[in-house]
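For reference, the structure is listed below as structure tokens.
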Amino acid sequence: MGTSSQSPLWGARIGGMTEVRTSVRIRQAVTSLPSYVPGARPGHGDVAKLSSNELPFPPQEAVVAAMTRVAAEANRYPEMTGEGLVSALAHRWGVEASQVVVGNGSVALIQHLLDTVCDQGDEVVMPWRSFEAYPICVAVAGAHAVTVPLTSQGRHDVPAMLAALTPRTRVVMACTPNNPTGAALSAEELTALVEGVPRDVVVLVDEAYLDFVTDPSVGDALDLLPHHPNLVVSRTFSKAHALAGLRVGYLIAEPGLASAVRSVATPFGVSLPAQAAAVAALGEEVRAETARRARLVVAERERVVAALRGQGWEVPTTQGNFFWLGVGDQAAALAGHFAQAGVLVRPFAGEGVRVSIGTPEENDRVLEAAAAWSAR
Ligand SMILES: *Cc1c(COP(=O)(O)O)cnc(C)c1O
């Protein structure tokens, strides 16, 4: 003690949050992290939470029962690498268990993957605007994000992404369907991307919203995996499986790469109830109901997008459980307007507003508010 007066206080606005003061030296990459803005959470009253792309239905009874059963055993650690869940996923997707890595949400796994392959100053090519967690993960890994603008239709610009590769590129990321614009990569685009990248560079394809895809021309990265040992497919239980609050996701990759990521991942990273719930979610009957619910969401998506276009809105084609209103500098005002109408949406300042598909009643409220905005 007594030396505190000599140590400087490192003032840092970490993640854009309020300034933190600490006597400890914080990594420069951390002090300059962009912030992750979580979807707004309702206070009280009748509010439609359409700001985080969650499913508007609660988890199914069989899934809740499975996590409740294991709750009484929570004095024990879960399986360290989630072997039971890993083998259920391997069986589900027709891959080897050695190819599957489970983690505390797919965002944690994306971080682990970047930590596995990126050295200080390496480059990660990504589409932009895309999932806001990506640049944060890249910065935490000590790497440099090379952002490639989307096309005017909110699509990945695959030729431009390939043109952005340099000898320092370690990872190329794709998000399909893309959060927040909703566009998905066609099979041709996906193949062009994967085949255009050298084999020592990882191609990470984030398929968080795959269950909502209905366009048959959209590609699935898993089909390309057998021929591309540098490909990594990321999926999650947070969206169609309605388990966002449990935090469980997974990667599928070639066994050598999967093993390297597993060595970086937090031991026991998926909690006991999350493992039990995810295994239950893969049961045949639960999956059938999950698919049925996804179809309900998709039917609502088509209804809402058609109605908005009928009102004169420009809505890019979406394959996710959300849609994009590219209103530019009106984003904050439009989000405020929705909030007044009891709808929480996700604004991206200066760019647009992302709205999740909710229950039919919630979506009706969206349509009503959207019409009132146009009639101002
Ligand atoms: C919601 C979302 C995820 C899911 O992340 P978890 O950590 O698994 O909840 C992943 N990628 C994208 C693009 C998302 O929008």
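In case you wondered, yes, glycine gets a Cβ from its N, Cα and C as well.
A TrEMBL annotation is a machine prediction, not a hand-curated record.
Copied from TrEMBL, the annotated features are:
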DOMAIN    46-369  domain 'Aminotransferase class I/classII large'
MOD_RES   K239  N6-(pyridoxal phosphate)lysine
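For the residue listed as 'N6-(pyridoxal phosphate)lysine', the same-chain residues that are 6 or more apart in sequence and have a Cβ closer than 8 Å to its Cβ are N53, E54, L55, A208, Y209, D211, F212, N321. Looking only at the domain 'Aminotransferase class I/classII large' (46-369), the predicted model's pLDDT averages out at 97.
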